[in-house]
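First up is the structure itself, then whatever we jot down about it.
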Amino acid sequence: MVKELIYTYFISLFILLIVTYRNRRSGLRISLKVFTSLLFVGIAFLGFRPLAFSFNYAYFIFAGLVFSALGDLLLGFTHNASYKDNIMLRDGIIAFSLAHIAFIIGFNIIQPFTQYLLLFIPLGVATLFILLTYPKLIDTGNLRLPLVLYSFIIITMVLTALNTNMSLLIIGALCFVVSDIILGVAFLYGEKHRFLPLLNLLIYYIGQLCLALFLFK
């Protein structure tokens, strides 16, 4: 069952990449993206069930993947819309923030995070994000604060993943942040290169699969 879902996952992702590259109508793209996201949730669920009563971290990692799928749905409706004061984009950022918070809690259960001084790193990254994107960030309306907070939360998530020394979690977390950087470039500066959305989707879904597969450990 798991192998079949993984095969279906990659087939769905491949079709999604083709549809995205050919710039097909957004309805088809959204449907494929939601379907692919539901597949990584389904894969995670199969691994989550035997762990649920023994390992508390499984609840949080699974919840993080569910919030991620919700974020995918919300961001899907922003594909052809302006980011300024975009309610769906704002709610998508909130959903992904909740996903990362769930991951942070889950990762911290696996390996308690004690290097609190390292939290200055995401604080510095958030500050750097403001400085580098200020000309564009000033135009994002009610998204300014969510974007800054999100940059802090996701870097904190990466630090807690690195702290676990678990390869699947580290790969998943790094893929998440790299795909978000690509997505941020696309949203803030425009999709000037057709390969950017493809790279974003490929890296993101590889990362999500890694996080889902961790629940089979």
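A Cβ is built for glycine as well, from the same backbone N, Cα and C atoms used for every other residue.
Nobody curates TrEMBL annotations by hand; they come from automatic prediction.
Features of the protein shown, as given by TrEMBL:
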TRANSMEM  6-23  transmembrane segment
TRANSMEM  30-51  transmembrane segment
TRANSMEM  57-77  transmembrane segment
TRANSMEM  89-110  transmembrane segment
TRANSMEM  116-134  transmembrane segment
TRANSMEM  143-162  transmembrane segment
TRANSMEM  168-189  transmembrane segment
TRANSMEM  196-216  transmembrane segment
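Taking Cβ pairs closer than 8 Å, the transmembrane segment (89-110) reaches residues 55-61, 63-68, 70-71, 74-75, 78, 81, 83, 142-143, 146-147, 149-150, 153-154, 156-157, 160-161, 163-164, 166, 169, 173, 176, 187, 211 in its own chain, all 6 or more past its ends.
With pairs at least 6 apart in sequence, the transmembrane segment (168-189) and the transmembrane segment (6-23) have fewer than 3 Cβ pairs within the 8 Å limit; the two do not touch. Listed as Cβ neighbours of the transmembrane segment (196-216) (distance under 8 Å, sequence separation of 6 or more from its ends, same chain) are residues 2, 6, 9, 13, 16-17, 20-21, 33, 36-37, 40-41, 43-44, 46-48, 51, 58, 61-62, 64-65, 68, 103, 166, 168-169, 171-176, 178-179, 182-183, 185-186.
Counting Cβ pairs under 8 Å to the transmembrane segment (168-189), the stretch among 30-51, 57-77, 143-162 with the most such contacts is 143-162.
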